[in-house]
Structures are given as C-alpha cells and as structure tokens.
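Peer 1: Sending over a structure as structure tokens; questions will come in a sec.
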There are 2 protein chains.
Amino acid sequence: MLDIRPVLLVIGALLSVLGVAMFIPALIDLALGDAQWRVFAASGAVTLFVGGGLWLATRKGRVEFTRRQAFMMTVLTWASLSAFGALPFLWSGVVPTYTDAFFESMSGITTTGSTVMSGLDGMQAGILLWRGILQWLGGLGVIVMAIAVLPMLQVGGMQLFQAESFSTAEKILPRATQISAGLTALYILFTVICGSLYYSAGMTALDATVHGMTTVATGGLSSHDASIGHYGSARIELIAIVFMILGSLPFILYIQAMRGQWKRLFIDSEIRTFFMLLALFISIATFYAIETNTFTGIEALRHSAFNVVSVMTGTGYASTDYQLWGPFTIAFFFFIMFIGGCQGSTACGLKVFRLQVMFQVLKQHINRIVFPNGVFVKRYSGYPLADNVSAAVMSYFFLYVVSFLVLAILLQMTGLDFVTSLSGAGTAIANVGPGVGHIIGPSGNFQPLNDVAKWLLAFGMLLGRLELLTVLVLFLPSFWRE
Amino acid sequence: MLDIRPVLLVIGALLSVLGVAMFIPALIDLALGDAQWRVFAASGAVTLFVGGGLWLATRKGRVEFTRRQAFMMTVLTWASLSAFGALPFLWSGVVPTYTDAFFESMSGITTTGSTVMSGLDGMQAGILLWRGILQWLGGLGVIVMAIAVLPMLQVGGMQLFQAESFSTAEKILPRATQISAGLTALYILFTVICGSLYYSAGMTALDATVHGMTTVATGGLSSHDASIGHYGSARIELIAIVFMILGSLPFILYIQAMRGQWKRLFIDSEIRTFFMLLALFISIATFYAIETNTFTGIEALRHSAFNVVSVMTGTGYASTDYQLWGPFTIAFFFFIMFIGGCQGSTACGLKVFRLQVMFQVLKQHINRIVFPNGVFVKRYSGYPLADNVSAAVMSYFFLYVVSFLVLAILLQMTGLDFVTSLSGAGTAIANVGPGVGHIIGPSGNFQPLNDVAKWLLAFGMLLGRLELLTVLVLFLPSFWRE
Ligand SMILES: [K+]
Ligand SMILES: [K+]
C-alpha cells in the first residue's frame, strides 16, 4: 500500500501558505474600503482550515519520499493549489463558473497567463493582486521544484543537472532546504527591484506590484486588458525585457554568482545559446518589421525585442498585437513560443538545454552519415553527453510533440476552429498565455471557449509546467504495481 | 577532387528512361488525333538527347560510388528528372510558367500529388497520362532507392534495414541489381491489377490507367478535379483503399512472400503497427462522423476508411471534402498525414518504424523514471535496438519537425496565411498532396500561390522524399572537405 501521509502533509503545508497569502488581497481591499475583502478573508479561512487540518492530521512521523510519493506529491500539490486558488475568483463573482475560476487559477499558478477575464482596468485591486500573487508563487514553486524535485525524478533529461557536478566537476550538491531559502530571497529581491523600477517609470503602486510579480515569474498576467501595451512606454518595456530575461535564466547560477562564481553566468552554455537565439529572432523580427513597413528604425527594434522576449520566454505580455504586423509574424511567434527559457528558471517550454542536446545528437548522426568510419562524441557544455540523457531528452521532445497534437485534436473535437485549437494547445503546454487568431490571440481572451476546452487547456498547462512525464506516469498501470 | 562522372552517368541513363517514357503520351495523343503529341515528342527528344549525351560521354570506366557521390547522385537525379519532366507541362501550355511546370513535375515524381492544374476533366489524354507516369516512375524510384541506396547512406535510422539480417537473422542481402528487377516486375503487376479492377468497376481506360499508376505509387494525382469523389462509387473507393495500402507496405516483404516466406507479411512488426494505427484512426473518424451526423452507419465507415487511408498513406485522393465533416476532422487529418506508411514502400512521411522506435525509446525512458534501478532494453521486432539506430531515428524526427517549422515560416514570409503556410509545409514534406484551408485544401489547388512559395514547396517535397538528410548534407561544408 502506498502511504499518502507525507503527500498530504506537503499539500496541507502548501495550502496553508496559499491560505495565508489570500489575506494579503483581503487587507488591501479592506484598506481601500472595498467590501470584497470578505471574499478573500473567507477564501483564506477555508483554504487555511483545510490546509492546516491536513497538516495537523499528518504531521506525526518521518517525512521521506519514495519516488512514487514524490510524483504524487508534485502533481497533487499543483492541482490542489489551483483548486483552492480559484475560490476568490468564483466567490467574488468576477467569473461566472467554477470552470472559469479554476482555469484562471491554474493559468496563474502554472505561470501561463491565459485569462478568461476582461474589463481588468476597472477591476478591484484585490483580484488583480491575487492573480499576480498566484503567478508569483507558481514561479517560485517551479524554481524550487526544478532544483529539488525534478532532477531526482530524472524527467526528460533533468538528471543533467542532478549533482551540478556535471558542469562544475565540484562535488557540491546544495541540499534542497538549504538552497530554497537562498532562491526565495533572490526571487523576492528581483521582484522588489523590478516592481520599484516599474513604479519609478510611472506605474501605480498596484500595477507595479502586479507586473513586478508576473514579470519575474514570466507569467504575463497584467492588470490591464491591453497588457504592457497600456502604457505605451519604451522605458517600461525595457524594464520588462530585462526582468523577463532574468526570470528565464537558471536561478542556481545566480546563487553561485553571489558566492563569487560570476564567470559561470557568462560561460554557461545554455545561457549563451539562449541569448544567441534571442538575438537571432529579434534580428529576424526587426528586419521584417522594417521590410514590411510595419515600424521604422528603433521602433521596429523596440517592438521586436519586446515581443520576441515576451513570447520566447513564455511570458506572454503584449505590447502591440503582433498579428497585425504582416503575414509572416504569426507562424514565427507561434513556433518560438515552444522554446521557452533555461532549465531551473520560471520559464516553461521545451527549454534551451533540450534544443542543445537534440542538436548535438543530430550533429553526431550527420557526422556518422558523412564519415561512417569516424568516431564522434556528443558533448554538452564541454562534457561528454551520456546516451541515457540524450535518449531522455529526445523522448521528451517526442512526447512534447505528441501531447501538443493530441491536445489540439481534442480541443478541435470540442468544436474550436483549427487555429484556436492548434495555438491553444501550444500556448497551454508551453505555458505562454495568449494564442493565435481572433478568439485567443494577443488581443482576445479565453472566455468564449466551451467548458470542456477550458478543462482540457487547464490540464495542458499542468502537463507543460510539470514537464509532462511527472503527470503522465501517474496514469501508467505499471507505476501503481507493487 | 570529387569525380562526378559516375553521377552524370546515372543521371544520363535515367533521363534517357524519362525521355523514352515521354513517347508513351505522344503515341496516345497521336492515336487520339490530338496535335499535342508533338509536345511530348519534342520533350522526349530533348530529354533523350540530353540524357543520352550525358550517358555516352560518361559511360567509359568503372561505376562505383563513394558515399559523397551517392548523395550527390541521389539528389541531382531527382532534381534533373523534375526539371525535364516539367517540359511537357510548359510546352503544352497547360500551365503558364516554368515555375508551375516544375512544381507539377516535382509534385509528380516525388509522388506528392499537389497540383497547380484545374479543369482536368476536359484535359488532353497525354497530359493526364504524363502526370500518372511521373508519379508511377517516382514511386518505383523510391522503392528501389529505399532498398539499394538509403540503407547504405544510413539516413535517419535506415541502417535498421541494411542487411535484412536484423529481422530475419539470415545472412541474405539481395544485391540491388538482382532485386530491382523483381521489385519492378511486382510493381508493374500491382499496377496492372489495380488498373484492371478500376476499369471493371466502370472507369474509362485512360482513367483506370492513370489512377492505377497513382494509387500504387500512393501519389494521388487524379484525372478529375473532384479526384476519386468524381465517381461516387464505393467499389472504386474499396479498390483504391486496398492498393493504397499495398503501396504503403515494405515491397521487399512481397518478394520474400513470393519466395515462400508468407508468414513474414503477417508477423512483421511495422506492418502490424501500420494496420493497428489505421484501425484506430478509422474507428475514431467513423465514430465522429456518426456522432456529428455527417454520415450514418456504413457510409460513415466508407468515407472514414477511404480518407484515413488516403491521408495517412500520403496518397491524398479526396472522396469528399473532409473539411466539411465538422470541426474536429481538420486537425485530425492534418496530423495523421505526417505518419505515412512503412519503410521501403512508395509512401512517404515519418514512417511507421520510426514511430515504433521512438515509442520504444520513450518507454525505456519512462521505465527508467519509474524504476530507476531496473535495466530496460529497447527492442524493435524482437531484437535489441542499438543506441546509434534509435539516436538516428530521434534525430530524424527532430529534423523533420524543424524542417516543417522553418518551411512554414518561410512560406508565411512570402505572404501566405497561417493555415496555408502550416498545411502547405506539412503536405510538401510528408509528400501528401492537398493541404488545409480554402486555398490548398482537398477541394482547392496550388495555382494561386506565389512563385517563391511554389519553389519552396517543391524543395520541401524533394526534402521529404529523400528523407531530409540526403539533401541537407550537401549543404554542409564538412561534407565537401577533402
Ligand atoms: K506565461
Ligand atoms: K501523395
């Protein structure tokens, strides 16, 4: 029998944190004299009651996880947090159904940023803040999970980063609990700096707080329907670019940088590739924006840089509707959104290191074709790449494509059109936010979709955020066999 | 210095064959009293002159191929045959430009079946026949190439089939020249039987000939604008289903079956998987056609079976416009078209064995995640699967996806809409034929596209037909280094 006590213990503890977090918007609404503070207080009380109860009932005994418990814990934690995080949306009446509330909550906590809400500009402060807090907590959860849980589960080649010995040849594996504190402090620091810069650039305190949280989390939820485009400010866009990028780099390297290993930030192979890809895509977008007379000169660079960074990192802020830039940009932005950022960051998507590994495997294959008698070693970051790691990465890619296709077909079965199905599936699994087309494109939202589609998309977000396999193994009979 | 004499010798010989083939439509048009026989006679004369000249100039000396020569020979042969196969289309005036003629010719010889022509129902017999002959020759070329050339080049995991010892444990490697004759005889036999059945089911002699050739080649060009839907005959559709499937199975197994090894046709792992996939997809399509009240009962099964077989094998005949079946079918058919048939058949696409290999790698990865202490061997057809083969297959898949994405982006840059770009790229690389949407969908054609798009698509067809890498290595500097 599987012992679910430790699983429930973690869920209880994290639900309690979520419950406490709900009192922040409650206090803000109360301070602003908005009666809606009661919704947050009630949601917080319920969540805290359930979470605290679970925690109290299970806290006795040792806390150790078998692999099966770790998988269950990861998936059930994210699902429960979404379920309870939805309460304020439902009880405040800003969305009509629990489906919508759950969608918004899942979109928040997975840092996806797809929304079923509109009319944000006149919305109560508490709700806007809550969306920001959900994404912020989700982003923090992802960083901790990527360092503490995923390498142990060896999902999709993440064992590459298991001991850090791979790229440093040092035997320092900082324990999850030790580094979690450092990561959290750093994450708070980034958020505070980003929010302060936004404030100094002209945002209101509320907007600066919400955008600070959703930028560092590469989440992309905004407190305005027009997203960052609301401000039309190059300075704000520049701040966003810098912090979206900072959110997409491996957080563990910041910790090491603070310990004096600055150089690693500049020699890390994944970071270099990430910047090379950004530079390439920004150049292409700028060139075409000028070529098609959409923008001129520095304006073309500004909008290209912002939108490429926003889409590739999976943040999903919009400054202008890139669908209006001319015909080429739609497929271009649709495809770069699958890439995402670096491992161990708040960004989602395929991750840059997987692209690098696949490119290495392809290079080896091509070399073997051209020089059948040669011996070719594939390398990552200078070190030989084990076959089981590259096989894991390639399998992950295969599963990523298949999951996308199956989700797109299921979405179309619910009655959505081809473009909405395709881009909806992509934006959910890559945790980007907006899709393509007139319904869920950068200037639309997910409200008009049917309920089944919303549940499917919410599942797709969870799937993408937890690196697919973490969720999918739970559906395998062999996983449950004694 | 690379000696291109043997390369030119093969090109010369095959151009001569193509030139001779042009006299067949010439004779038919002459017999029918159509003045257009002169176009074919002139095209044939020019092609034969160039081909024969090349052959005469290079026939002295030994014919041996280094790997580099083999790659060059393969790519240049297909390109030259397309270039000369285009002459009758241009000179007869059925298409306005050489771009269109080359597109039609490349689409024919790669067995893709995308067309820039309409008004087929009133077209001269010679032209219709020529499109059939191009596809038929292309289909034969692919089978011979898959057995004689590709395993030697080890492209995309084809070394799995290099010695046949893999799946038989026998040491019989039939030499290319020996088996080519057997394959050709069998291919002719299939075509004759298929054409005769079509004729007995009510097609005219011309239609039966053209469709016989394009069915066995899984090519899909028709002598009617409405494709097979023109006849509205369940009997004709059934014949088409049987021979599209026969064209999608490994031809080498037919040869072995004729030598008494019947059983292998039924135990071959790729064939079984191919049929399982067909059964699965036909069931899904039938279920939804009934569920959405598009068709009832046996009619639902009929149209589902025909269209699933036609799209998955990459034949591309249309019986009805499946885009009108309801919302779900577009993404569904769009995705199954990437699969294709078995290796060593006339079908293109990813190929079933690659899906099997990737599934095995994924299974191994999942097993390793769930049971980190277990030892898991991946197998194909009962035999252990070497890491270099699975890496080759996974690389191929990665490259397949990347090629599709890049082609789609380039197509959109030329000004095509999102759906046309996406489905055009897919249908070209998978050699299917029709795309999705109101321009290039099952009831449209490729005429309205711009010239750059047509050249890009023609290149995509060649890329897909020659298993990507055969073409792409030629662009590598390392390939040309001494
Ligand atoms: K996002
Ligand atoms: K075809």
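From the backbone N, Cα and C atoms, a Cβ is placed for every residue, glycine too.
Below, the features straight out of TrEMBL:
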TRANSMEM  B:7-28  transmembrane segment
TRANSMEM  B:40-58  transmembrane segment
TRANSMEM  B:70-91  transmembrane segment
BINDING   B:Thr111, B:Thr112, B:Gly219, B:Thr315, B:Asn431, B:Val432  K(+) binding site
TRANSMEM  B:133-155  transmembrane segment
TRANSMEM  B:176-199  transmembrane segment
TRANSMEM  B:238-257  transmembrane segment
TRANSMEM  B:269-290  transmembrane segment
TRANSMEM  B:330-353  transmembrane segment
TRANSMEM  B:389-411  transmembrane segment
TRANSMEM  B:455-476  transmembrane segment
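Can you tell me where each of these features sits in this structure?
Peer 2: Counting every protein chain shown, 33 other Cβ atoms lie within 10 Å of the Cβ of B:Thr111 (K(+) binding site).
Here the transmembrane segment (B:238-257) has Cβ contacts under 8 Å with residues 139, 143, 147, 161, 164, 174, 179, 182-183, 186-187, 190, 194, 197-198, 201, 211-212, 215-218, 228, 264-265, 268, 270-271, 274, 278, 305-306, 309-310, 313, 315, 317, 340-347 of the same chain, all six or more residues outside its ends.
If one looks beyond the transmembrane segment (B:455-476) by at least 6 residues along the same chain, the residues whose Cβ comes under 8 Å of a Cβ in the stretch are 71-72, 74-75, 78-79, 82, 99, 102-103, 106-107, 110-112, 114, 138, 142, 150, 153, 155-156, 158, 348-349, 396, 399-400, 403, 407, 410-411, 414, 424-425, 428-431, 446, 449.
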Peer 1: Count the CB pairs under 8 A between the transmembrane segment (B:389-411) and each of B:7-28, B:40-58, B:70-91, B:133-155, B:269-290, then give me the winner.
Peer 2: B:133-155
Peer 1: For B:Gly219 (K(+) binding site), just count the other CB atoms lying within 10 A of its CB, please.
Peer 2: 34
Peer 1: With a Cβ cut-off under 8 Å, give me the same-chain residues at least six positions beyond the ends of the transmembrane segment (B:176-199) that come close to it.
Peer 2: 136, 139-140, 143-144, 147-149, 205, 207-209, 211-213, 215-216, 236, 239, 243, 246-247, 251-252, 254-255, 258
Peer 1: Using the Cβ center of B:Thr111, B:Thr112, B:Gly219, B:Thr315, B:Asn431, B:Val432 as the K(+) site position, which other residues in that chain lie within 8 Å, going by their Cβ?
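Peer 2: So the additional residues around the site are B:Ser107, B:Thr110, B:Gly113, B:Gln135, B:Ala217, B:Thr218, B:Gly220, B:Gly314, B:Gly316, B:Ala347, B:Cys348, B:Gly433.
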Peer 1: Hey, what's the Cβ neighbour count for B:Thr315 (K(+) binding site) at 10 Å?
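Peer 2: I count 34 other Cβ atoms within 10 Å of it.
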Peer 1: Where else in the chain does the transmembrane segment (B:7-28) make close Cβ contacts, counting only residues six or more beyond its ends and a cut-off under 8 Å?
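Peer 2: Long-range Cβ neighbours of the transmembrane segment (B:7-28): 37-38, 40-41, 43-59, 63, 69, 72-73, 76-77, 80-81, 84-85, 88, 125-127, 129-130, 133, 137.
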Peer 1: Return the count of C-beta atoms lying within 10 angstroms of the C-beta of B:Thr112 (K(+) binding site), excluding that atom itself.
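Peer 2: Result for B:Thr112 (K(+) binding site): 34 other Cβ atoms within 10 Å.
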Peer 1: Given a separation of at least six residues and a C-beta threshold under 8 Å, show me what packs close to B:Val432 (K(+) binding site) in the same chain.
Peer 2: B:Thr112, B:Gly113, B:Gly220, B:Val311, B:Gly314, B:Thr315, B:Gly316, B:Met337, B:Cys348, B:Gly349, B:Gly426
